[in-house]
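Peer 1: What TrEMBL shows for this protein is this:
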{"type": "ACT_SITE", "residues": "HIS66", "note": "active site, proton acceptor"}
{"type": "BINDING", "residues": "ASP67, VAL70, GLY72, ASP74, SER76, GLU88", "note": "Ca(2+) 1 binding site"}
{"type": "BINDING", "residues": "PRO163", "note": "substrate binding site"}
{"type": "BINDING", "residues": "HIS193", "note": "heme b binding site"}
{"type": "BINDING", "residues": "THR194, ASP238, THR241, ASP246", "note": "Ca(2+) 2 binding site"}
{"type": "DISULFID", "residues": "CYS35-CYS115", "note": "disulfide bond"}
{"type": "DISULFID", "residues": "CYS68-CYS73", "note": "disulfide bond"}
{"type": "DISULFID", "residues": "CYS121-CYS314", "note": "disulfide bond"}
{"type": "DISULFID", "residues": "CYS200-CYS225", "note": "disulfide bond"}
{"type": "DOMAIN", "residues": "25-318", "note": "domain 'Plant heme peroxidase family profile'"}
{"type": "SIGNAL", "residues": "1-24", "note": "signal peptide"}
{"type": "SITE", "residues": "ARG62", "note": "site 'Transition state stabilizer'"}
Amino acid sequence: MSSINKSFFVIVSILSLFAFSSNAQLSSTFYARTCPNLQAIVRRTMIQAIRTEARIGASILRLFFHDCFVQGCDASILLDDTATFTGEKNAFPNRNSARGFEVIDTIKTNVEAACNATVSCADILALATRDGIVLLGGPSWTVPLGRRDSRTANQNAANTEIPSPASDLATLITMFAAKGLTARDLTVLSGGHTIGQAQCQFFRTRIYNETNIDPNFATTRRANCPNSGGNTNLAPLDTVTPTRFDNNYYTDLVNQRGLLHSDQVLFNGGSQDALVRTYSANSAAFFRDFAAAMVKMGNISPLTGTNGEIRRNCRVLN
């Protein structure tokens, strides 16, 4: 190998190390010595939360998604606004719709009692998301840990970088690609809509104006979502089992019963049709790919090492 080629190889290798260094610092055993009962504490609290309200599993999944898409998985979404600090809770995608903060607060309180100033809110959110999905019948996965909490938030990024329910397929693919996620990741992560509810304001245009929709489904949804008013009225994203994590979301798409415009574009004569059909017929494939994509999403730009902080209270900076 020539000296020039050797130098090029070394430079590329170093750049590759830098590119993946943040993710390499995450480890499933990060708290094995410092907080050995962490996962049991999170699981116990999530069991209680799901028993109280099954929908909360979907709400926490949405928190994690909205957190990771804005400056990485750093718990910035959990920060409250103050007189001197603007958080992300009042960004349009989150205002009056993001929920589950109190459950994260409870988990944090329980974790702090066992392991003071040790576990980040970002890691608690990642674990709570996984456990909520498992408790609703979904797949499990090993959560890499070691994220730290941001000392900043970005309301503008929350307004521009979280995909809208009105997005078309090309926009969704572009926005996911900006976070290092593929079109396949987009389609499988959208399957998280097999649980949870959406507000009328986010699907009104679809049920009144779009044609690629089952007319009976549209009529049913209009009963609780008038042409004007009722913006916060809720409808299930999955018509059959909205509190059970399964593959019915994809069956709905094949039958033109996607609630959001951004759901139905995944099955509308485009590049994701075949994958939607696969997942509608094969829940094992969906579960396998969903678990892998959740790990991938959880690896978006984490703060590690000495960056950020370990918040004592997830809502405020130390």
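Backbone N, Cα and C define each Cβ position, glycine as well.
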Peer 1: Want to know which disulfide-bonded residues, from CYS35, CYS73, CYS115, CYS200, CYS314, are within 10 Å of the residue listed as 'active site, proton acceptor' at Cα; which are they?
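Peer 2: Those near the residue listed as 'active site, proton acceptor' - Cα within 10 Å - are CYS73, in sequence order.
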Peer 1: If you draw a 10 Å sphere around the Cβ of ARG62 (site 'Transition state stabilizer'), how many other Cβ atoms fall inside it, taking every protein chain shown into account?
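Peer 2: I get 23 for this one.
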Peer 1: An 8 Å radius from the center of the THR194, ASP238, THR241, ASP246 Cβ atoms defines the neighbourhood of the Ca(2+) 2 site; name the other residues of that chain inside it, in order.
Peer 2: ILE195, VAL240, PRO242, ARG244, PHE245, ASN247, ASN248, TYR249
Peer 1: Tell me, how many other CB atoms lie within 10 A of the CB of HIS66 (active site, proton acceptor), whichever protein chain they belong to?
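Peer 2: For HIS66 (active site, proton acceptor), the 10 Å Cβ neighbour count is 22.
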Peer 1: Could you tell me the mean pLDDT over the domain 'Plant heme peroxidase family profile' (25-318), as a whole number?
Peer 2: 97
Peer 1: State the count of C-beta atoms found within 10 angstroms of the C-beta of CYS200 (disulfide bond), not counting that atom itself.
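Peer 2: Around the Cβ of CYS200 (disulfide bond), 19 other Cβ atoms lie within 10 Å.
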Peer 1: Taking the Cβ of CYS121 (disulfide bond) as centre, how many other Cβ atoms lie within 10 Å?
Peer 2: 30
Peer 1: Counting other Cβ atoms within 10 Å of each Cβ, which of the binding-site residues SER76, THR194, THR241 scores lowest?
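Peer 2: If we count Cβ atoms within 10 Å for the binding-site residues SER76, THR194, THR241, the smallest count is at THR241.
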Peer 1: Please compare the disulfide-bonded residues CYS68, CYS73, CYS115, CYS225 by how many other CB atoms fall within 10 Å of each one's CB, and tell me which has the fewest.
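Peer 2: Fewest other Cβ atoms within 10 Å, among the disulfide-bonded residues CYS68, CYS73, CYS115, CYS225, is found for CYS115.
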Peer 1: When the Cα-Cα distance from HIS193 (heme b binding site) is computed for each of the recorded positions GLY72, CYS115, CYS121, which gives the smallest value?
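Peer 2: Comparing Cα positions, the candidate nearest HIS193 (heme b binding site) turns out to be GLY72.
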Peer 1: I need the neighbours of the Ca(2+) 1 site defined by ASP67, VAL70, GLY72, ASP74, SER76, GLU88. Which other residues of that chain put their C-beta within 8 angstroms of the C-beta centroid, in sequence order?
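Peer 2: Sorted by sequence, the hits are HIS66, CYS68, PHE69, GLN71, CYS73, ALA75, ILE77, SER150, ALA153, ASN154, ALA158.
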